[in-house]
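TrEMBL lists 4-123 with the feature domain 'Response regulatory'. The feature domain 'Phytochrome chromophore attachment site' is assigned by TrEMBL to 155-291. According to TrEMBL, the feature domain 'PAS' maps to 326-400. Among the features that TrEMBL reports, domain 'PAC' is placed at 402-453. The feature 4-aspartylphosphate is assigned by TrEMBL to Asp56.
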Amino acid sequence: MQTTILIVDDSEVDRATYIRYLHVDPEPSYRILEAETLAEGLELWRSQHPDIVLVDYLLPDGDGLDLLKAMGNGSPDIPQHAIVLTGHGDERVAVQAMKLGAADYLVKGDITAVSLSISIARVRDRLALAHKLQRSRQQEAMIAEIALQTRKYIDVSSVLKASVWEVREFLDVDRVIIYQFNPDMSGTVVAEAIASPWSPCLNAEITDTCFQTHLTGDYQEGRVFAAADIYAANLTPCHIQLLEQFQVRANLVIPIGELQFLWGFLILHQCSGTRQWEVSDIQLLQRLSIQLAISIQQAELFQSLQVLNKSLTRKVKERTRSLKFSEKRFRSIFDRMFQFVGLLAIDGTVLEMNQAILTAGGISAEEAIGLPLWETHWWQISSETQAQLQQAIARAAQGEFVRYEVNIWGKNQTVIPIDFSLRPTFDKAGQVEFLIPEGRDLTEVKRLALSHN
């Protein structure tokens, strides 16, 4: 990557010397900008946004410290990529420069090709670290924003739409889509965020045999496919033809789903040219794909529970055979969820628990149904945990949505950290009818967070 360096010095000889020194260093590629005055230097700083500034302390229309002040607008955090040069060593000037955020201070008579190279390398390292930290903070902010959006919406389409736009804006990529598999393993583009002038592909039906050959392999194992250039990625002709239909030049594919159930893909397209996908961005998208899978399950579960609630009401009023089909369909969805889900009476008595939580706890449904939830195996980890749950149930019974993180007992008294919530459901009169406890196992998320840090 090319580094832009602005040299602000009224001495043409000195500028030529620094440029010669810079070209001695064989590794970095430099783009050099020159200015003789403070005014010229400030104009180039504002228009060209150089990475590093070498500025002479004494200039015809001011001093180098004035440039630092203008660059930082009074903040010592901004001009940390400036190196101040002076003809004579002066501790007072050095202290002033450092207070204004200068990265280094060099005496002109002592500057050599080696010392200048070392000073610039330090500044480059500092800038790289600052960029990495800023990028990390931005990534965490994006994950938090998408998490907020997914809690805001209860329908799948809104969750997916919000996610693709957040990703496209953050990574500045030409197209972001979410591709969902159909039962026959064809697929549909169910969400898209795209930049102009590229052609949209929302709702496109795609039958890609190239994907299907990998469905039981790499993608289901959670592996990522990244191609900086589709023409140099050893792709099959049919795969290249498919990508060309959508004007793709660089491609990144992140699977969404679990080992036993590949729901679809989060896909990024760079259409304007090749693109080297950064490792940190890929790791970010892998974390996001886990969150998307959970959000999809939550939204589908909520919709299914709404169907169940209506079906239970019809059972009391109608007692028809159609209810059996609805219950069977719900039970199939209910027990396929990899998230922990149940159904409680408003006093906290367990009415239903799905297979995922029963398996995690190593108990049968008979050992839980009919008991207050806080007396079941999972919540006997401590009396404080049980008391906290009783309070949460009392709040939910009043119509409040309650959510918090808590540790529960798993099988053989293993500790499982979960993101736990209680969601009340209401009858037509607006009265709380049931409570829906949900728990998301945070074990893998916490492991990924630790490895990422």
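Yeah, the Cβs are placed from backbone N, Cα and C, and that goes for glycine too.
All annotation found in TrEMBL is predicted automatically rather than curated by experts.
Assigned with DSSP, the residues of the domain 'Response regulatory' (4-123) fall into helix, strand and coil as follows: 56 helix, 30 strand, 34 coil.
Per-residue pLDDT, averaged across the domain 'Response regulatory' (4-123), gives 81. Across the domain 'Phytochrome chromophore attachment site' (155-291), DSSP assigns 48 helix, 39 strand, 50 coil. Across the domain 'PAC' (402-453), DSSP classifies residues as 13 helix, 30 strand, 9 coil.
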